[in-house]
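If you look up TrEMBL, you'll see 1-19 marked as signal peptide. Taken from TrEMBL, the feature domain 'FAD dependent oxidoreductase' covers 5-324. The FAD binding site annotation in TrEMBL covers T43, S44, V166. What TrEMBL lists as D-dopa binding site is Y223, R278.
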Amino acid sequence: MAAPKVAVVGAGVVGLSTALCIVETCPSCSVTVLSDQFSPSTTSDVAAGMLIPHTYPGTPIHVQKQWFKETFTYLFAISNSAEASEAGIHLVSGWQVFKNTPKEELPFWSDVVLGFRPMSEAELQKFPQHRFGQAFTTLKCDCPPYLLWLEKRLKATGVQMYTRKVADLWELHSEYNIVVNCAGIGAHQLVGDEQLFPVRGQVLKVHAPWVKNFIRDGDGLTYIYPGIHRVTLGGTREKESWSLSPDPGTTKDIFDRCCSLEPSLQGAQDIKVKVGLRPSRWSVRLQREVLSQGGFKLPVVHNYGHGAGGFSVHRGTAKEAARLVGECIAALQGSSSRAKL
């Protein structure tokens, strides 16, 4: 058969990474990215891009760890290359602090990040309201530059990108052999996934160049993540809220919480407020499906529902989605050779 045509729906970090992995593993494919939003208008652009995994209750821990490890290894290599600054990827050290000792003192990802250890008494003195903490070094992606870097890589390999609102995956069946659904929160409408719900996140991006270390409260609600140009202060986790409008009361609450962890932030300037809807599910939906209508079939690979953990596992899930696309291609080639017989 001719080179299989693959459409990837969605241009956030998951969609672009999946498209790149498909090109890398199936170079004979013709890949097109379709999305109604590209950077800087995607949910990924709002994300802090810190590699600290969130746990998916419905996904086996060894699978989550594999996804995280593959993502960390991939980004660590970029951070050690001449492209680190263009891709917006850098190492950052810091602390995760707890008011009470957590049940799990060693999270499943502790041996993937660098130099994970309990905090010393001297370090804990910086956080008088907290009794336990962990220190480690991880990676941070500055999201808009990373998305642009991914787009540039894709264009260099001949991938086409079109601004297009896809209302129904079936509308693509006459143009493409395989469709990959990386629509994020858009999958709620696109494929009618009732298990997918938004978790609204509001963050502040501030100018505070003296803040060099990340600080994260163990409950995951309050965090300070320094990037190359700006520091991200967060945050919120509002389930089932679809509002993209910044809330001034929330802005003040986030700022006050972050200042209680790092008082020097009182001097932060040029505060910008961003809101994104995390596409959350009990587990990431990563699977093959064949849609059929009127005697026609359309192979689909789903890769969405990463919630707050998209950056931490994006490359690992993209590799798995590309493997599933390879299975779809093999099935198509098998049926076309049988048809010739």
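Using N, Cα and C of the backbone, Cβ positions are placed for all residues, glycine too.
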Recorded FAD site residues T43, S44, V166, farthest C-alpha pair in Å: 19
Local Cβ density at V166 (FAD binding site) - other Cβ atoms counted within 10 Å: 19
Residue pair Y223 (D-dopa binding site), V166 (FAD binding site) - Cα distance, angstrom, rounded: 35
Y223 (D-dopa binding site), number of other Cβ atoms within 10 Å: 24
T43 (FAD binding site): tally of other CB atoms within 10 A of its CB: 25
Inter-residue Cα distance where the pair is R278 (D-dopa binding site) and T43 (FAD binding site), in Å: 7
Nonlocal residues around R278 (D-dopa binding site), in sequence order (Cβ under 8 Å, 6 or more apart): T43, I185, P198, V199, R200, G201, H306, G307, A308, G310
Number of Cβ atoms other than its own within 10 Å, given for S44 (FAD binding site): 30
